[in-house]
Amino acid sequence: MSWGSCSVISRALVTPTSQLSRKCPNPASWQGRLSPPQSPSGWVSFHRVCWGCGSDQSHPSGGWSRAGQRRLPQDEANGHARPEEPRKAKPAARARREKPHQHGFAHRLLVAALKGHSSPVTCLDFSSNGKYLASCSEDRTVRLWSTRDLSGREHRCLRASMGLDHAELVRLSPDSRAFIVWLANAETIRVYKMTKKDDGSFTFTATSGDFPKKHKAPVINIGIAETGKFFMTASSDTTILIWSPKGEVLASINTNQMNNAYATVSPCGRFVASCGFTPDVKVWEVCFSKNGNFREVTRAFELKGHTAGVQSFSFSNDSRRMATVSKDGTWKFWDTDVEYKKQQDPYLLLTGQCAVLEPCRIALSPDGRTVAVAGGTDIVMYNTRRGEEEERFLGVHSHCITDLAFDTTGHYVVSCGDRAIRVFHNTAGHRAMVEEMEAMLKKTVNKATQERLEQQISSARKALAAIYGKKH
């Protein structure tokens, strides 16, 4: 530090002249002094004055006031050495952040727990060809799982990042070459293309331009028609929008149900249905001309029979059967293979009692033989021939179940609610097949049909034996 022609090195209250700068022509003239020796208030100032050049410097060390003063203890002010203070103990090391506790669940029919997401999973969707299972989570990723690995020890998946947003809903395209998501923050649909590489993996690329914002209330579900001709979005008010794949609104549907609790596109790609506050399910047909141009949306039929609001519903794979669950504590099984254009109404086939808490979700197996109902953290499986409970899975997830689905073969039922996706054997489906085939076998007289039925019964029994045999 340079003061005119003098440089000073300070280490103590009184600096030896040997340590003063050689630039001063008269180093011996530097004197350290306390000025004043001691004030009544106990405040002292330390100055170095060069009597040769007249330079004056206050103590450069820390802890000084603007006037170059600091409070000294009485003994130090009197020239006595200050006793050394004990060294402060080092602060304790910061505790390592423990990973969130993973919910433990075990059951003899549990096939696998798919673990990869670091936050709760919000939605599941199987591809039409049955090869992939898509899942989205609050961890800002969409993961693509290979269904061939479901029963194996290792579960491979591919990861698509959503950037700074996260997907609440995900749906795979009919050709399994793309998927769409509903983004929570952007409140829009975004399309991602899936490009298959030589090693069998995919690269995910977002298409340019998201869908425009049209909904005024939170979106509760999205869907893609199996034909690929339209998308659907439904919000919690009474609005359902039909979109072209390019992001143009083709039609807007007012459900007139006070609010929408659930809505979806049928597996055949012809119908859009919704349920809500009212005790019915409304179904519309989305009509296109022969050359593929959109024509109109017309009312097809309604499912009436519940005494309270319907919470959820599901189609069979051919859309000829539907299952509904209501706040009245029942679930119902319907025959929807009707000529609705001739004003024919669906037939109620069965009514069962729910054994789970509200709110409920329902899933119908692709062949229509089994119903899965989820409420809270529990899942109950029913047979649609008699409506009897077949299996019960309690405490499947640490949080309420957010999605429930059967795979395309009907062999597995999957659920999500926390960070894990849990996969179960659909043993109720195998037993239902045996029961149905045995009833048909008693009625048939054709030998070829009898042989075919016997083979199906044998296959189903072997599958059951393998499932329970592995667990025991």
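Using N, Cα and C of the backbone, Cβ positions are placed for all residues, glycine too.
Pulled from TrEMBL, these are the features on record:
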REGION    17-39  region 'Disordered'
REGION    60-101  region 'Disordered'
COMPBIAS  72-88  compositional bias 'Basic and acidic residues'
COMPBIAS  89-101  compositional bias 'Basic residues'
REPEAT    114-148  repeat 'WD'
REPEAT    212-244  repeat 'WD'
REPEAT    303-335  repeat 'WD'
Margin query: I'm checking region-level scores; what's the whole-number mean pLDDT for the repeat 'WD' (212-244)?
Written below: 96
Next item on the list: Work out, from DSSP, the number of helix, strand and coil residues along the repeat 'WD' (114-148).
Entry: 2 helix, 20 strand, 13 coil
Note to self: Using DSSP, what is the helix/strand/coil residue split across the repeat 'WD' (212-244)?
What the structure shows: 0 helix, 16 strand, 17 coil
Margin query: Please list the DSSP helix, strand and coil residue counts for the repeat 'WD' (303-335).
Written below: 0 helix, 20 strand, 13 coil
